[in-house]
Amino acid sequence: MGFDESQQTDPLVVIRNGKEIILQAFNWESHKHDWWRNLDRKVPDIAKSGFTTAWLPPASQSLSPEGYLPQNLYSLNSSYGSEHLLKALLNKMKQYKVRAMADIVINHRVGTTQGHGGMYNRYDGIPLSWDEHAVTSCTGGRGNKSTGDNFNGVPNIDHTQSFVRRDLTDWMRWLRSSVGFQDFRFDFAKGYSPKYVKEYIEGAKPIFSVGEYWDTCNYKGSYLDCNQDSHRQRIINWIDQTGQLSSAFDFTTKAILQEAVKGELWRLRDSKGKPPGVLGWWPSRAVTFIDNHDTGSTQAHWPFPSNHIMEGYTYILTHPGIPSVFYDHFYDWGNSTHDQIVKLIDIRRHQGIHSRSSVQILESQPNLYAATIGEKVSMKIGDGSWCPAGKEWKLATSGYRYAVWQK
């Protein structure tokens, strides 16, 4: 495994270190663009920009080109490219010391043959040739009831079956040891109990894990409630039930931040004076982001306002938590956006900001948010004017509605 050998046995080494910066290295359209080859060309830039890990799209054969309707988990020929090209990419990432994050889609699996009730709920003829007992009773199988929410229209995997868990653990170990993935992202984590995520992490020993626990925020009509404590508590409960071994995407911060930048920056301080998302309560497990392949890209289910992108990145890249940058913003929005994001990553790294850095919120008015992070970074977003008190502060970078200072 090369450079990461020392970290293999303890899934908390990287979480404790708190220095992760993630690139989500795809969008909803990537399968149309010879993706493994495209990323191969970008590895040097990804490494130079300061990313520690790149989240790749699901690599297994799938009925949908995006990869989220998997069937043969052991086949790595997908619409993103061949197994050969994938392994070449993973090899190059290893050379450049960027870890590869596998998208683990194990809530559901498309069957190959009809079984119980005439449903396609058997997996004859491919590896992991399970029968109907591997499928939850709620989605047409002969297994037990689901331990989470249903993903509709496709057989959901019954994780209560020990043969299923053994097979999935073996598959994840194979991704780690033979294929060359080091990190895991758990898709649709609401679909099965977090205690199974704990078991899979303990079994396959990824270096870093993050779960997609995407829950609806608290709204009054279309107005986002000022208090999202119950929302972030549900994410925190999920993390806790993984044995604290996984981090989780901070959907709470995403929700609040994209309302805040529209002239409601007062939202960025909770009633106790802390950041209002998961990062305000458990920053070492909060993966902050402003858009992904579902919320943004061509799906655009819940996009961040496009003229405020850099304010969003200024917030997540200067604050505690584990920031994640979206491919589109980094590579498709022009060189200026790319370079502004790189500059923020640079400041984060050189000023020693990490997932547990302290935050002192100094202003949170409708058009101004200002904070000092750790000892050596101050920032503001919004069109209100502000600068930190004291001659020792030097402007490190600035742009449309944002500025960052360092000592």
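From the backbone N, Cα and C atoms, a Cβ is placed for every residue, glycine too.
Residues or ranges marked as domain 'Glycosyl hydrolase family 13 catalytic' by TrEMBL: 20-348.
The annotation active site, nucleophile is assigned in TrEMBL to Asp187. Neighbour density for Asp187 (active site, nucleophile): within 10 A of its CB lie 20 other CB atoms from the protein chains shown.
The annotation active site, proton donor is assigned in TrEMBL to Glu212. Around the Cβ of Glu212 (active site, proton donor), the number of neighbouring Cβ atoms within 10 Å comes to 20.
Look at the domain 'Alpha-amylase C-terminal beta-sheet' (349-407): DSSP puts its residues at 2 helix, 29 strand, 28 coil. The feature domain 'Alpha-amylase C-terminal beta-sheet' is assigned by TrEMBL to 349-407.
Taking only the Cα positions, the spacing between Asp187 (active site, nucleophile) and Glu212 (active site, proton donor) is 5 angstrom.
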